[in-house]
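Some notes on the structure that comes next.
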Amino acid sequence: MTLKRVNWPALAAGWALAYGLLALYWTTGGGGFPFGPGDPDPGIEKGLSILGGVRQSVAAPVIAAVALGAAVIAALLAGRASRGRAGIALETVAWTVALTLGVVVPDYRPLVAMGHVPVLLAGKPFGWPDGVSIGSQLPWPVLNQGILMAGGALFALAALTHRRARRDACGSCGRTGVSDGRDPARWGRIAVWVAAGVPVVYAATRFAWALGIPLGFSSAQLRDMAAEMPGIWWGGAALGAMGLGGSVLTLGLIRPWGERFPRWIPVLRGRRVPVALAVVPAVVVAMAVTSAGLMFGRVLYLDPDPGKLAMMGPGLLWPLWGAALAVAAAAYRIRRRGDCAHCVNAPVKTPSGQPSAACRTH
């Protein structure tokens, strides 16, 4: 799928209009308001949700106005590309909406659901513990956060589409026919190592606690918490292991096995890895870990308890993880794009006369 084949600004406008109409329904007192009193989970931790303390009667009309205003912005992006400052202003507003929806409003629960739901699906043949189900991991407030994140992605794509049109770049591949001389293989490699390193820090703390090493806690506190919540440290170690797995997969964005499936994978061995198969999960995870990291920052700012700092401290690096992963995914996509069927700009030459790594066919 390319940016040219999909009218992303129109989709963003449709999403914002639909959400705005839903917010108007909430304004009239309709049920299903997913924030404040409609979302009981923020009571678990002060500051968990940025909208955890709002009232429906006040927040719903504001959400409706913002959503409908965003729909107008997206509709303008869908029209003829605005040049100069007007175009830049539209894109700036769209990016602001994208970041707000994608990483500011959501908290850590989408990330938790992304980790728990696959485990539950794998364990379904063996049965689930009482009270545990996929539905328990995906209540309406969490599903709503997923909808918001999808809207954020649409607005980001809408802004990118408009920027390409404003710069007379190809709507499909993004090339303008002129290279800026910057090699995405170089800056992408830096981003990959940052994105792969942050989860290692998180995993190290979880493994240490599982082994009884008191990083940030006393030995007595570790024992007391284990007695109060049996299995907490081994559960944390399992999450750390998942983080390490994600770290290894991130390295695939700069390794040959990230472009062709390794020989040990049946059926797929030797075949090219679809670009979307690497980029889409990376972007989704980048959004989820960034929103979770921002939530940890809110919680610790409102309640700087030493115990919480030890538990959530590594999460303060997660916005860096998310940003680096998004940049790494972008570099991977640029590096993997081949000759474009929709323009005459590929491949281009760098100032040295060599084919640009951004346009090299893989």
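The backbone N, Cα and C atoms fix where each Cβ goes, glycine too.
Over in TrEMBL, the protein carries these features:
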TRANSMEM  7-26  transmembrane segment
TRANSMEM  58-79  transmembrane segment
TRANSMEM  86-105  transmembrane segment
TRANSMEM  142-160  transmembrane segment
TRANSMEM  190-212  transmembrane segment
TRANSMEM  232-254  transmembrane segment
TRANSMEM  275-296  transmembrane segment
TRANSMEM  316-334  transmembrane segment
Contact yes or no, the transmembrane segment (58-79) and the transmembrane segment (316-334), 3+ Cβ pairs under 8 Å, gap 6+: no
Highest-contact recorded stretch vs the transmembrane segment (275-296), from 86-105, 142-160, 190-212, CB pairs under 8 Å: 86-105
Winner by Cβ pairs under 8 Å against the transmembrane segment (86-105), considering only 142-160, 190-212, 232-254, 316-334: 142-160
Cβ pairs under 8 Å between the transmembrane segment (316-334) and the transmembrane segment (142-160), at least three: no
Intrachain residues whose Cβ lies under 8 Å of the transmembrane segment (142-160), provided they are six or more past its termini: 3, 6, 8-9, 11-12, 15-16, 19, 34, 70, 74, 77-78, 90-91, 94-95, 97-103, 105-107, 109-110, 113, 283-284, 287-288, 291
Other parts of the chain folded back onto the transmembrane segment (232-254), taken as Cβ under 8 Å at six or more residues beyond its ends: 115, 185, 188-189, 192, 195-197, 199-200, 202-207, 209-210, 222, 225-226, 273, 278, 282, 285, 325, 328-329, 331-332
Residues of the parent chain within Cβ reach of the transmembrane segment (190-212), under 8 Å, 6 or more residues beyond its termini: 219, 222, 233-234, 236-237, 239-241, 243-244, 246-248, 250-251, 253-254, 313-315, 317-318, 320-321, 324-325, 327-328, 331
